[in-house]
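Asks: Pasting a structure below so you can have a look.
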Ligand code: ATP
Ligand code: MG
């Protein structure tokens, strides 16, 4: 086997598949695009779903990539097995309806064993196939020449890939035998045949034959178009090529481990001697090094892709990884923030293939450092909590171990050690059961979402071209109908019903890049279709949904008319989105990264990541900047150029969450804004007319959603509505004041209302106006309270001369009906009376339309003998409902 660096392995993989006519796809973001079924990109194929199910046509039917992937269900394996990372790179080759089993197996074998490529010893390679897949078994044994003792048949659990819905099929795995020293019990291929967890046979490559469609109820039918999907872990191949005990001593992680050793300053050292004969103490130390090296790499990549620590979803995973690293750092004697200092090393190790990491260094470092600092504060609370638990309960229950694990990131070993030092037990079994439950829940929670779309046969037939003319025009006079379908059936005509149409030329914009679809009409000689949606087909054709009256037929010449008003307002909003994006970056800095947007004729919203909250002043500055740029009438320019030119020459913002074709379209507004964009835009910024930010909300994990409006009409309406809402509110309050006032008046309120009524509407002063109405509201509320208090005092005065009588126990007691008092007033009266007499029981009742209320109050010296709550509950002749204590009880009663 050749000794190769990880960069050489990756390059060799790509070179090999390029030599077999595969198109190389650059890695994409760890954040899935338009795929709610996935939290993270977890495999190479996860980025290619639209190609696999036929929604999009790939740039080539043969593809290869090296895709960063995160598998959260492997986090607990990290540092424990030799072969798992949280984030790893999956090398892949894919066939979309092109080659199938034979070539896929042959390619795999050639790359691994040929002298020209990896040159692995064929004797060391072992194969598994699905037990019903005779075809694959035959290819391996008869064509490749694998001996029967090197190939094993597996069941559905190991050798069939199925997510419960959509494409699925058998797979074949390739393992590398690292030899008997990794097999202490000398079990040999039994480990493989029985799928036992082991460090001897390392799975390097999995080839999935995507052959069937699962309808969601485990009914399997052959796919119209069969695909190949493969994945091999770069880190595992590196570990074999570099002959290291685990993935962690490869050039990918070793420099980071060394950097940690340096920090620890000789107190702890990683030991390569610990394999394969482990010493438990050293294993723990090694694990700490490995976990930290793994987590810092995953965290660095995730933050670079715009994920920030938070309380849910991706943000929470990042937070957990940082916390776990911090805890493992303590195992190595590090009690301060340190993780952020390793970012440099990660960038040095990974930067060659991922040059963008270096450009994001500042934000990565800052984010990790903040999070570590915050955690160290929580952590000391966690330790206190654990000690308290131990003291109070004399053990650590499963629930508490889970709490420490989940909320504070305590590994169970840490809790156990502290418990051991205190001579108490941890309910380990219970903890493990809870952990499994939590994992199961996470798993099933995701499964419910539709993971894959069914492959659509219609889409695979839709090979017609369609040109988009809508950048220049909104009407096209002689478009030809080139494809039609209703539901999933291709048709030749659509009569008086809803169907779908593709035109050879169309001015209709299909929904994409955050811009809403155009609406309008398609007019033929024998019928007319109202277009209410346009979506992109597999070749990027615009597919119009039409409600047809009369008949539209294949090959008809039609006139396509876009609803101009809707389009024009949508354009203002789309250009407005570019404006707010550029302005936020100017005001807040380059950390602002757009993560999604939507604009239609009504308004726009944009999601973006940022690492802290945004102040109202910053929002105003941003809004003013946009307004200034609108006034400046900056001309729009459009360039069709290579990706490289777009970035170098036009400094276009390109995000790694999207794949771009070779030639890209740059939409530029002077030197203010430059973005890759296929949307329709105003000719110059003045056409946007007007702009207002109407709100911003945090969606957690450092993601914000900002909402804005453009155009004179819409913005004026917005301000008018805001203004009239305030005015309505003030008028309502004024009515209340008039009802309350009686003889009592408040000149201040009247004067202020006068000011409000006469305030001249002016958008610059909207905030001032809002403040004023708020203040007015406070004044009216205060007035209301005062009037109420005064009324109560008047009513209470009537009860001032009550005298106690002596009850059957010889105690002074006042028992009266005060039907004009409400509950609050009853309470005031009870307090007054109790203060008036040294030793008394007070029972006040009120019967009115509002209900029957009762309150019992008892003087301090009587409370133990005659607790108020007991008297309340046992009131003769009535049934009470309520609560209280020995001092006071209150509630309702029925007779
Ligand atoms: P394993 O059983 O070893 O966890 P898997 O069956 O989960 O592997 P696949 O889903 O088939 O793996 O992924 C394809 C390849 O990706 C594997 O053959 C392996 O080389 C690599 N791989 C999978 N998970 C990880 C991980 N957590 N860290 C590093 N490499 C991985
Ligand atoms: Mg796995």
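Sequential numbering from 1, following the chain as shown.
Cβ atoms here come from the backbone N, Cα and C positions, even for glycine.
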Asks: Examine the ranges 421-455, 456-490, 491-525, 526-560 and name the one recorded by TrEMBL as coiled coil.
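Replies: When 421-455, 456-490, 491-525, 526-560 are checked in TrEMBL, coiled coil belongs to 421-455.
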Asks: In sequence order, which residues at least six apart in the same chain have a CB under 8 Å from the CB of residue 677 (Zn(2+) binding site)?
Replies: 513, 578, 665, 666, 667
Asks: Could you work out which of the binding-site residues (574, 578, 681) has its C-beta surrounded by the smallest number of other C-beta atoms within 10 A?
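Replies: Each of the binding-site residues 574, 578, 681 was scored by Cβ atoms within 10 Å; lowest is 681.
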Asks: Does DSSP put residue 574 (Zn(2+) binding site) in a helix, in a strand, or in coil?
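Replies: Its secondary structure by DSSP: helix.
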Asks: Applying the rule Cβ within 8 Å of the centroid of the Cβ atoms of 574, 578, 677, 681, what extra residues of the same chain belong around the Zn(2+) site?
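Replies: Same chain, not in 574, 578, 677, 681, Cβ within 8 Å: 515, 571, 575, 577, 667, 675, 679, 680.
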Asks: Translate the DSSP assignment of residue 681 (Zn(2+) binding site) into the three-state scheme.
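Replies: For residue 681 (Zn(2+) binding site) - judged by DSSP and reduced to three states - the answer is coil.
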